[in-house]
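Taken from Swiss-Prot as is:
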type	residues	note
LIPID	Ser1	O-palmitoleoyl serine
DISULFID	Cys89-Cys104	disulfide bond
CARBOHYD	Asn90	N-linked glycosylation site
Amino acid sequence: SGSCEVKTCWWSQPDFRVIGDYLKDKYDSASEMVVEKHRESRGWVETLRPKYNFFKAPTERDLVYYENSPNFCEPNPETGSFGTRDRICNVTSHGIDGCDLLCCGRGHNTRTEKRKEKCHCIF
């Protein structure tokens, strides 16, 4: 009898954190574009070009955009956004729940509360 060896290869995704960090870097360095319409033999053609010429042109692997995101700080019935006014924020956080970001530069009020709660502790 002979021996048989099977080798199986497959692609696996990197860690979710690695993918998230990669996408965040792309988002942070995205290039703003403008849509230009010009006439060619087959009709009107739309192309994208960088809005600012002093930045390098994006490559095929770069992220680009041509519309700005809506302002989520203020209420907007069209988008269904309630804004961020009167939201609870975390003074010590530099993340999306932090007061610097969530309050959109409007400042924030600090409130201290004392509560008595039964904790069902067992000693």
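Quick reminder: no glycine exception, Cβ is built from N, Cα and C everywhere.
If you draw a 10 Å sphere around the CB of Asn90 (N-linked glycosylation site), it holds 12 other CB atoms from the protein chains shown. The residue listed as 'N-linked glycosylation site' carries a strand DSSP state (E or B). Residues near Cys89 (disulfide bond) in space but far in sequence (CB under 8 A, at least 6 apart, same chain), listed by position: Asp97, Gly98, Cys99, Leu102, Cys103, His108.
For Cys104 (disulfide bond), applying a Cβ distance below 8 Å and a minimum sequence separation of six or more within one chain yields Cys73, Thr84.
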